[in-house]
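As written in TrEMBL, here are the features:
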type     : residues : note
REGION   : 1-81     : region 'Disordered'
COMPBIAS : 41-50    : compositional bias 'Basic and acidic residues'
COMPBIAS : 65-77    : compositional bias 'Polar residues'
TRANSMEM : 113-134  : transmembrane segment
TRANSMEM : 154-175  : transmembrane segment
TRANSMEM : 187-208  : transmembrane segment
TRANSMEM : 214-234  : transmembrane segment
TRANSMEM : 316-335  : transmembrane segment
TRANSMEM : 366-387  : transmembrane segment
TRANSMEM : 435-454  : transmembrane segment
ACT_SITE : His449   : active site
TRANSMEM : 460-482  : transmembrane segment
TRANSMEM : 489-507  : transmembrane segment
Amino acid sequence: MSETAETRGPVTRRRRTTSTSTSTKQTKRQDAGEKPPPCSAKEKAADKVQKHANNNGNVEKEMGKSTQQQQQLANSPKKQRSAVEDINEKLRCHNLQESLLSSASGYSNYRGILNWCVVMLVLSNARLFLENIIKYGILVDPIQVVSLFLKDPYSWPAACLIIVSNVFILAALYIERRLAVGTISETTGLILHLFNLTSLLIFPSASVLTVTSITPVGGVLSLGTYTVLFLKLYSYMDSNKWCREIRQAKAKRMTRSYSCPIVAQSNGSAVNTNVSYPGNLTHRDMYYFIFAPTLCYQLNFPRSPRIRKRFLIRRLFEMLFLMQLLVGLIQQWMVPSVQNSMKPFQDMDFSRMVERLLKLAVPNHLIWLIFFYWFFHSSLNFVAELLQFGDREFYRDWWNSETVTYFWANWNIPVHKWCLRHFYKPMLRKGVNKFLAQTAVFLASAFFHEYLVSVPLKMFRLWAFMGMMAQVPLALFVSRFLNGNYGNAAVWISLIIGQPIAVLMYVHDYYVIHYGSTT
């Protein structure tokens, strides 16, 4: 194989040289006018091979040229279009579009403006805080806080009043037990429940008004506790009544499907066993409901699978820190502003009254926001986590309220659920008009607001009652004439300005009654 390869190589080279030499000789002879000599068969075959190779090369070159031409033809419109677009971009720099701050633009990313507002708010309040420190000095006194709760360290009337509330709790439980076994009739049970609930409101208020050692802060705490118990026991009465109606309708057992689904632990077992009526009428069930962060009773509450210790510690830290912050802001910022507002109110200086009102609006609103977070987020979540209470919807996005009714329905979900379940819907089922039912809800809320303020202060001025009832025409005005951001702004203005007006009214009357002779 190697020998043949060696012999073939030179032969082919000799053939190529001969073909080229013969072609040159032929051209010379043609130029001289002579006829070419006859060729041999080998030379003719070599010429045919060479011509075939040349023809193949020419074909390939022509094909390559054609493909290049096709590519150039194909790329030429793109280049033309890109060139035209470049020229158009150079000539045209304007488009049909709206400004970003116009509502028609659809732009909604205002995060930078929100951050700017936060920075300006912090800086302005920091200036006010420094001005307050320079003018009044350090007024924060933790010992003074204790005196707000107790006049005598050996006498705790508000705490004793709260402990006595267990009598009303046990009375409601035993009435329901008698109704469950049929010892007393439904009418008798209803009368006993109403007597118990009425006593639950009258007894603490009479105690606060007659016992002189109860401070206003202690009175607010005790009356607030009794008000919560009133709402809870009313829901307890209604829910057990519905259970008896189901039992009378030949529903043998009220399973968990009536209230909530089973929540399983990681090992597959349920957190709590099913409870059916009248098996819920126990001390354990009653006191779990009393301490649970809800006002609406049901036989089986949704339960979380475990207690998250880190979550519990964070909420506890927030409770302690925010409580100290609230006390400090009230002593350092709120009290001096209120005291300086007494003189314009006594002289009826309208311009100074408006100035003091606006000056009081900032700390009052800030304290209200901190209190909201402390109570509805930190405190209620702490209690819910401790009791493994699963329903943590204590508030919704009330800050986006575009109507007054949306705010009152979403800022305090436990109270809203109670009003909806035990007050508003029963009135609608009885054929009451929707507007009248809403007005009745505001009327009940106004009563409890006045109850929690006037009784501890031991004076009746109805400022809180009128403030709550003023929400009805305000709600109609906002829902009819203001929409979107304008409605939201109206809600915020009512919160920022309305609360300081009520605070100044009560504080002014309280100072006039108790310190008018000395001043």
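Each Cβ is built from the backbone N, Cα and C atoms, and glycine gets one as well.
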Other C-beta atoms that fall within 10 angstroms of the C-beta of His449 (active site): 17
Beyond the flanks of the transmembrane segment (113-134) by 6 or more, those residues with Cβ under 8 Å of it: 332-333, 336, 362, 366
Residues of the parent chain within Cβ reach of the transmembrane segment (316-335), under 8 Å, 6 or more residues beyond its termini: 128-129, 132-133, 136, 138-142, 144-145, 360, 363-364, 366-367, 370-371, 373-374, 377-379, 382
Long-range neighbours of the transmembrane segment (489-507), counting only residues six or more past its ends (CB under 8 A): 338, 341-342, 345, 356-357, 360-361, 364-365, 368, 401-404, 407, 453, 457, 461, 463-464, 467, 471, 474, 478, 482
Sequence-remote partners of the transmembrane segment (187-208) [C-beta within less than 8 Å, at least six residues beyond its ends]: 157, 161, 164-165, 168, 171-172, 175-176, 178-179, 214, 219, 222-223, 226-227, 229-230, 233-234, 237, 451, 455-456, 458
